[in-house]
Structure formats: structure tokens, C-alpha cells
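Colleague: Below are the C-alpha cells for one structure; questions will follow.
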Amino acid sequence: MNKTAFSMPSNLNPDQASPDWMNKGDNAWQLTAATLVGLQSIPGLLILYGGSVKKKWAVNSAFMVLYAFACVILCWAAWGYRFSFGDKMIPFWGKPNFALDGHYLMEQTFLGKFPNATMVYFQGVFAAITLVLIAGALLGRMNFYAWMLFVPLWLTFSYTITAFSIWCPDGFLAKMGIIDYSGGYVIHLSSGVAGFTAAYWVGPRLTQDRQRFPPNNILLMLFGAGLLWIGWTGFNGGDPYVVSVDASLAVINTHICTAASLLTWLLLDIVFFRKPSVIGAVQGMITGLVCITPAAGVVQGWAAVIMGLCSGSIPWFTMMVIHKRSEMFQKVDDTMAVLHTHAIAGSLGGILSGIFAVPKLNRLFYGTSGNYIGLFYGLADKRTHDGFRQIGVQLIGVVFVVVLNILSTSIICVVVQIFMPLRMSEEEMEIGDEAAHGEEAYAIWGDEEEKLDPKYELAKSKAGGQVGMKDVQ
């Protein structure tokens with residue numbers, strides 16, 4: 001009997017550009033997911049911040065995002081990635097090394113069927129958005145030169161430690177069995193605590209800015225918010241590192257939870273303030289995205305709805321009630337409320353992951369049965385000890401991230417302050433963008449008349465402003 005030799009279609013045959021260990025579909029999706037995450041920062045949060053602040057801070061706020069993204073990507077490839085995902089040096093940090101060598105970048109990554117280059121890119125945009133989120137707490141007064149120094153220091157001495165501890169297979173929290181599907185701890189709890197801590201050290205905005213800080217362009221803010229929401233498809237959908245049913249589940253759970261959270265926040269605003277707030281709806285959207293992140297691919301759809309109800313109500317309560325009654329919260333000027341929208345929502349999502357995580361889905365994601373089981377299923381399957389253990393591990397993760405970021409962020413701010421002031425001068429804050437960058441976002445009729453005011457010219461001169469053409473003429 002004649003036997004026909006089996007041969008692969010020519011486009012699937014391995015070659016030097018497509019080695020036999022690489023899955024083209026996985027690699028294509030991973031690059032796409034990474035790009036969606038990148039778009040959340042550039043232009044997503046750049047536009048959201050630029051539209052959410054007073055007109056005089058639009059350029060500075062957007063520029064803080066642009067700088068952070070560029071700085072992190074370069075530092076990440078130079079040393080950040082290997083600190084976070086390289087060979088173990090200590091239980092919470094990898095050995096320092098570059099991720100710039102062509103040979104290394106084309107080798108298979110530590111997880112997934114694609115090259116290191118793809119993983120460096122994917123994890124790099126995650127690291128970048130974390131610094132961008134921290135910027136949200138500091139808008140409207142941080143010295144841009146201090147921000148330029150803060151970004152690489154915080155990436156190196158805070159983010160890489162958290163990422164290795166929780167996401168790297170050799171990290172001590174990863175070995176304990178912590179559930180953080182896509183960054184509820186590594187990104188959101190970290191950025192929320194770090195942003196709030198940095199805001200304490202930088203100091204508040206001017207009194208008039210804190211009392212009245214209207215968005216300069218709500219439609220632009222909504223455009224940025226829309227990019228953030230849709231970009232989260234790659235944020236959570238890319239974390240299985242494979243085109244799988246788990247990736248699909250993570251995506252739909254993300255949108256279900258976010259919708260439920262937005263609607264819950266909106267209804268609370270209507271009931272208690274008698275008006276449907278657009279800004280409130282955006283806050284509810286963000287808390288929903290953050291809350292589902294640590295659980296996206298390991299919980300069922302009904303659990304995603306419950307998480308959305310919690311993320312739309314608990315952060316609402318901490319922001320609208322506790323914050324306004326707390327002297328400590330009032331003292332620290334957290335411009336975009338990242339403590340509530342990211343730290344509280346992120347820790348809430350981490351704890352709820354420990355309650356609702358499904359053993360089967362955990363096996364799909366982590367590739368091992370292990371002890372990954374939510375308390376709800378632990379009680380149902382008579383694995384009560386394992387269920388309570390998971391809650392304990394999740395709480396240990398919260399404590400670790402909070403303590404690390406309070407200490408590391410405080411030390412970094414103190415060090416930066418040795419070389420330059422963390423905060424702009426009073427005169428610079430009076431003027432805003434023109435004093436900080438010599439540029440303005442909008443040229444609106446009437447602005448020139450305002451700038452002819454002697455008080456404006458005096459503040460500008462004290463801030464070191466340059467003489468314009470109108471002064472020459």
C-alpha cells in the first residue's frame with residue numbers, strides 16, 4: 001500500500017523566522033493585545049488627563065503621560081524586564097541584565113509560545129501604564145523635572161519588585177499561590193498607593209485649584225475613557241499568553257463587570273445627588289475595569305456582575321463619604337482619586353478573586369491544580385481550609401504591596417527632593433502650562449486680554465517666564 005508523506009502547508013512550515021516552538025496565532029494576538037494596552041496610555045490616558053484638568057494644566061498633564069511612557073519603555077528593555085522576569089536573585093527580585101540582545105529577544109519566553117521580544121513589549125506597556133496612573137494623583141503641581149527623575153527610580157525600586165514577587169514563577173507570592181490574573185495588585189494597588197503617597201510628599205495644588213478644578217473638555221475626557229475601556233480587551237485578554245477559551249472568558253468578564261460598575265455608580269449619583277454625573281460614570285467605569293483585572297479569567301460571568309456591583313458601590317462610598325469626612329484624606333491632594341479608583345478597587349478585586357475563583361479556570365490559567373480555589377468553591381467542595389488559605393494569601397498580597405509602595409515611594413520622593421523641589425513654585429502654579437513648558441493647549445479669544453493683567457505679568461516674571469512677541473512689539 002502506498003503511503004503519502006505528511007507535509008505541513010508551506011505557510012506553517014518552521015523556518016528561522018518561525019521556529020517550531022512558536023505559535024503564530026498566539027504571537028499575533030499577544031502583539032495585538034500589547035498594542036491595545038499601549039493605546040490605553042498613548043493616547044488614552046493622555047487624552048483623559050488632558051481633558052479632565054483645568055485648561056491651564058492640559059499640556060502639563062498630557063506631557064507627564066507621554067514622558068512616563070517613553071521613559072519606562074526604554075528603562076524596561078534596558079534593565080526593568082530582567083529585574084521583573086529574569087533569573088531569580090532573591091525571592092522578590094530578578095538578576096539585573098539587559099533585554100536588548102537580538103539573540104535573547106528571539107528566544108522563546110518563559111511562558112507562552114512566542115519570543116522574548118513579544119513578552120518584553122507586552123509587559124513593558126503594563127509597566128508604563130502603572131507610572132501613568134501614578135501621574136494622575138500628582139497633576140496640577142508636580143515639578144516636571146522631579147517627575148523625570150521619579151519615573152525611572154520608581155520603576156526600578158518598586159514596580160520590578162512587585163512584578164517579580166507576584167508574576168514571575170520564582171516570586172515568593174507566586175509560589176504561595178496568589179491570584180492576580182492581570183495586575184490588580186501589580187498595577188492598580190501599586191499605582192494607587194504610590195500615587196497617594198507621592199501626593200503626600202509633593203503637597204497639594206493651590207487652594208483655588210482644589211476648590212474648583214473643572215474639566216476643560218469633557219468630550220475629550222470621554223474619548224480617552226473610551227480608549228481605556230476598549231483597550232482593556234488586550235489588558236485582560238492577553239494575560240493567558242495564548243489564544244484560548246480562557247482569554248475569551250477574560251474579555252467578556254471585563255466588559256460585564258465594567259458595565260455593571262458604571263451603572264451602579266451612576267444610580268448612586270442619581271439617588272444621592274439627583275444628577276447623572278458624566279465624571280461619576282467614568283469613575284465607575286474605571287473601578288469596574290480595575291476590580292475585574294485580578295479575576296478576569298478565573299471567575300464566572302455571574303461573579304463578574306457581583307464584582308461590578310461591588311466596584312461601583314464600595315469605592316463610591318469611600319470617595320463620596322469616607323474621603324469627605326476623613327481629615328487624612330482631605331490633607332492629601334490626590335487629583336484623580338487614584339487611591340479610590342485603583343488602590344481600593346484593586347484590593348477589592350484581589351479579595352473577591354479569593355472568594356469567586358473557580359478551580360477549573362485556575363487550572364486553565366495557571367496550568368496546575370495547586371491550591372488555587374476561591375472560598376465559595378472551597379466551602380462547596382468541602383475544601384474549606386484551601387478556601388480560607390486563598391483568602392489569606394490574597395490579604396498577604398495586599399499588605400505586601402501597600403507596605404512596599406509606602407516605603408519605596410517615600411524614600412524615592414525624599415531622594416529626589418535632595419536634588420530638586422518636588423513641587424512647582426506658587427508662581428508657576430498660578431500660571432500653569434505656559435510657566436512649566438512655555439506652551440498652552442488652547443488659544444481662546446480673551447486670553448490675551450487676561451494676560452495683560454499686571455498680576456499675571458508679575459507672576460509670570462517670578463516663574464521665569466520668557467518674554468513673548470507682544471512684549472517685544
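Every residue gets a Cβ built from N, Cα and C, even glycine.
What TrEMBL shows for this protein is this:
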| type | residues | note |
| --- | --- | --- |
| DOMAIN | 28-442 | domain 'Ammonium transporter AmtB-like' |
| TRANSMEM | 28-50 | transmembrane segment |
| TRANSMEM | 57-79 | transmembrane segment |
| TRANSMEM | 120-139 | transmembrane segment |
| TRANSMEM | 146-167 | transmembrane segment |
| TRANSMEM | 187-206 | transmembrane segment |
| TRANSMEM | 218-235 | transmembrane segment |
| TRANSMEM | 247-271 | transmembrane segment |
| TRANSMEM | 278-296 | transmembrane segment |
| TRANSMEM | 302-323 | transmembrane segment |
| TRANSMEM | 335-358 | transmembrane segment |
| TRANSMEM | 392-420 | transmembrane segment |
Colleague: Please figure out which one of 28-50, 187-206, 247-271, 392-420 racks up the most CB pairs under 8 Å against the transmembrane segment (335-358).
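Modeller: Going through each listed stretch, the top one turns out to be 187-206.
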Colleague: Sort out for me which stretch, of 187-206, 218-235, 247-271, 278-296, has the most Cβ pairs below 8 angstroms to the transmembrane segment (302-323).
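Modeller: The stretch with the most contacts is 247-271.
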Colleague: Please tell me whether the transmembrane segment (120-139) and the transmembrane segment (278-296) touch - that is, whether there are at least 3 C-beta pairs under 8 Å between them, with each pair 6 or more apart in sequence.
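Modeller: The answer is no, given that the two segments have fewer than 3 Cβ pairs within the 8 Å cut-off.
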Colleague: Does the transmembrane segment (392-420) reach the transmembrane segment (218-235), going by 3 or more CB pairs under 8 Å (6 or more apart in sequence)?
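Modeller: With fewer than 3 qualifying Cβ pairs, these stretches do not touch.
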Colleague: Same chain only, please: residues at least 6 beyond the ends of the transmembrane segment (146-167) with a C-beta under 8 Å from a C-beta of the stretch. Say none if there are none.
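Modeller: Distant Cβ neighbours of the transmembrane segment (146-167) are 64, 67-68, 71-72, 75-76, 79-80, 83-85, 91-94, 123, 127, 130-131, 134-135, 138, 173-174, 178, 180, 185-186, 190, 194, 198, 202, 397, 400-401, 404-405, 408-409, 411-413, 415-417, 419-423.
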Colleague: Mean pLDDT, the domain 'Ammonium transporter AmtB-like' (28-442)?
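Modeller: Summarising the domain 'Ammonium transporter AmtB-like' (28-442) by its mean pLDDT gives 96.
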Colleague: Cβ under 8 Å to the transmembrane segment (218-235), counting only same-chain residues 6 or more beyond its ends: which ones?
Modeller: 32-37, 39-40, 43-52, 126, 182-183, 251, 254-255, 258, 278-279, 282, 285-286, 289, 293
Colleague: Using a Cβ cut-off under 8 Å, which residues of the same chain at least 6 positions beyond either end of the transmembrane segment (28-50) come close to it?
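Modeller: Long-range Cβ neighbours of the transmembrane segment (28-50): 58-59, 61-62, 64-66, 68-69, 112, 114, 118-119, 121-122, 124-126, 128-129, 132-133, 135-136, 139, 217, 220-221, 223-225, 227-228, 230-235, 237-238, 241, 243, 247, 282, 336, 441.
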